[in-house]
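Take a look at the structure set out below.
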Ligand SMILES: [K+]
Ligand SMILES: [K+]
């Protein structure tokens, strides 16, 4: 049985956290940016801080050491829902969009999706834009802790593969110490990479404000920008290259970053099968797109084709979703190609979305083994990852994940088409949300305003579903979850 | 090592068979229909009969009892390619289409896909139209024997699940007796159902010619028609209902039909988990579509909505692909819904395409078990089909199949978009071909003429790939196939 008191007590934490964040941005607006939107942050912040205080007092006798797996599962989904709802208030107050749209924008930020219903970013208050960027950064950190600490324990989508990867000395099998331990080791790495990214952007030519704002959404592979023109606002191939490096870092396992830093052995990146395949894929897909764009004669020289190709392949495969060219002027097949990259996904244990390279590898190996099995019907063929035999339950979990991801795309696309959106827009909108990618094409090419309210709620759900790797959310919907 | 002599000897059989078929249609044209196209059949037939004679003489010392699994795999793919190429000659000679298009039409017939590059069917020679219909019927019989006798032995896509289902007393594990045995027991069932279908169509109001012609493509779930208006040429809801019954029969395992007939126990249909789920799905999907069309106010009353809904759901889920309404006037979401039905597919061991209900069931159960596993991380949860535990290797094969099917759709759609077709047309064309469904939407809504030559060859390959359940063809592309 889920303990309602435990859950409520746990939920007071994200409420408190969101209150503190909005309080800080209220103060930033008031004293640093002086952009007259402080009230939009301070009013909701006051209510949240009060509410979290009341909850804490009311549930003070809760023993949090008794938090069960089910409480944790419930907590994960509810956290993204609750912070999504609460994070929307300043968005609604500053921009006058509807509650539905504000919550979509907020969930899009916290899940590091980066799909937006806003236009005219360049003229918006600076504190508000930074708030949006910061939500992505915070969401990214939450995701890293969640995927490194929680998913391997539950073997969600086969992630038991990564259980031994948890950083730090404590290999505890209980959830609370594991989360605390992971958070303890990873927040510093996350902060460090963000800092280096901001520094690099600054030296690459961005203003300090833009450098910080974009570092937040690069490392979290979130993809929000403070400009409508996204990363091409700066018109600098140097900045695209900087962005490439840090998007890639954001899409590689943070547990692996920790081990590399701890042992000062960069070669560990290359020794990791998933990271190696990921980098090979990025290189291969970039080459394909470069050749295609070059023979289409879209850009004057090879260098430019290569720069734009690399940036977009990396932006999409890491599910960041930055743009640097008017993609709608590219042939439709390139859009489809980039969506395909987004489905491949980044590495597990990172902020990236999509199916994840580790699952692509296992799936590829399962299929390859099936083909070989046909030629040797009696043979017992092995299936190894990183040198070790992959267990049945992991294969089942991975393949279940892949099939569910494909099925969800089909079903949610069908639902969106039911709201009146055309097929191409529906499909790319769904791909943008379940892969926490961000940009869509067709009618949703510049923003998600053309989607109906029902469609917006469906997509909001899709972002949470994809971000929590489907099964975390699905577990709440089986009757067994609510029994004994 | 594949034995080239064995393969050549084996291939003389489909060449001989195709020669005989075209000879017969030449004679039909000459003496029965008197439609002046006899030469288009007799000329290629002469060449084929001569060629098969020469091959047989040249390879007369071949010992066919030494046919290996690899020879058989090679034979399966080559048979569909060779008969596809040869079957195209009369099409090219009668209609003046290009060789590329004629081969597409021929492969489309033999794989029971039913996608067409022709228009103006109603004015074409009767012998030619019947030839097209008969190719589907023949292809359907070939498929039934292939899927009942060969796939379970190789566990292609997890079909070892059906190994015990082979009809007849001999449960031989060697391939040649197994194929002979299966063919021996199944051709009669296939013929019987076709005969009953033709009779029912005749009493439902079709001319004897149309009744026979449509029985060929109903039982084989092929979907070719002798009229551009397809099944709605007859404007009869009675005929739609007749068609429903026989499309369903064509999409249920012919091994099961055999057991029902042999034991005279129709209840066996209901006791079979796959058939039961299939019928439930058909009913459920029909109801959904009926309600949708009714609330859209598309038809005057519930009866008409129900009749059109049932017919289209059955036509698409069985991958027949008959049409009875101007689908392009329906909302886009219904087209997508029907494509979704086609992916679900019919039952294994039938002529239907798609992923097959048995794989849908296993996939659903794998996903359901994964969700439960999250709640009970230590428990060993069972996964049963038809009361028996499903082995690991079957689950892997099924899930590999599903992932490969989803991946192929994405990749082949991408390739078609590269030839300049738009996304909706590309996607539905690919779905129509890999699921051996037939009808596409968008630019390929009425026929496949708008597809470029390269696109046509890609789609021809996709039909064979889907018809032979992917892995049969893929096995030919691993280096191990060609070694020792
Ligand atoms: K993103
Ligand atoms: K068909």
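Even glycines carry a Cβ here, placed using N, Cα and C.
The shown structure was predicted, so the numbers you read here are calculated from the model rather than taken from an experiment.
Record note: TrEMBL gives A:112, A:113, A:222, A:320 as K(+)-binding, and the candidate from A:10, A:421, A:437 in that site is A:437. The record gives A:112, A:113, A:222, A:320, A:437 for K(+). Within 8 Å of the mean position of their Cβ atoms, the other Cβ atoms in that chain belong to A:111, A:114, A:136, A:217, A:220, A:221, A:223, A:224, A:319, A:321, A:351, A:353, A:436, A:438.
Through the fold, the transmembrane segment (A:454-482) approaches residues 1-2, 70, 73-74, 76-77, 80-81, 84, 100-101, 103-104, 107-108, 111-113, 115, 117, 143, 146-147, 150-151, 154, 156-157, 159, 353, 400-401, 404-405, 408, 412, 415-416, 419, 421, 429-430, 433-436, 448 of its own chain, all at least 6 residues removed from its boundaries and within a Cβ separation under 8 Å.
The stretches the transmembrane segment (A:134-154) and the transmembrane segment (A:277-294) are not in mutual contact, being linked by fewer than three Cβ pairs under 8 Å (pairs 6 or more apart in sequence).
Of the recorded ranges A:12-33, A:72-93, A:277-294, A:397-416, the transmembrane segment (A:332-352) has the largest number of C-beta contacts under 8 angstroms with A:277-294.
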